[in-house]
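Per TrEMBL, the features are:
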- 1-27: region 'Disordered' (REGION)
- 1-11: compositional bias 'Basic residues' (COMPBIAS)
- 62-84: domain 'C2H2-type' (DOMAIN)
- 100-131: region 'Disordered' (REGION)
Amino acid sequence: MGRLRRSRVHKAQRDVHRASRTRARTKDLDQIQLHDLDPAVRAKLEAQPIDVEKPGLAQHYCVECAKYYETDAALRSHWKGKVHKRRCKQLKEPAYTIEEAERAGGLGREVRKRPNTDLDMQPAPEIEATS
């Protein structure tokens with residue numbers, strides 16, 4: 001009896017599963033917006049005590065991306081990169097609220113915009129056709 005077929009199956013799934021593990025989870029955008037970007041908390045995160053368990057002894061931390069870097073040069077290079085700029089752009093948008101999530105799920109009250117009645121609706125001037 002021959003070997004079982006191993007080709008044409010999803011071989012590259014290992015890294016996808018590892019990336020989705022709980023221990024690899026990063027902070028969500030709303031956690032960063034509501035807590036970490038507060039000036040007092042931000043100052044604490046940027047001036048952490050030395051921790052030998054974290055990369056760069058926890059001295060080089062990007063608050064917006066919630067990520068530690070090995071050196072100051074690596075952190076400065078990250079600040080100039082596309083990944084950091086994209087994260088900053090995402091953080092400028094307001095975080096979703098519980099009410100928005102409930103409305104999206106069909107649970108909350110639907111808020112409809114009222115038609116603007118302040119505008120004076122004047123009919124367009126008629127153009128006379130000359131023959």
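Cβ coordinates come from backbone N, Cα and C, glycine included.
Note that the structure is predicted; figures quoted are calculated from it, not measured.
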Cβ-Cβ under 8 Å with the domain 'C2H2-type' (62-84): same-chain residues at least 6 beyond its ends: 26-27, 32, 36-37, 42, 45-46, 54-56, 91
Three-state composition of the region 'Disordered' (1-27), taking helix and strand from DSSP: 10 helix, 0 strand, 17 coil
Summary of DSSP states over the domain 'C2H2-type' (62-84), given as helix, strand and coil counts: 12 helix, 3 strand, 8 coil
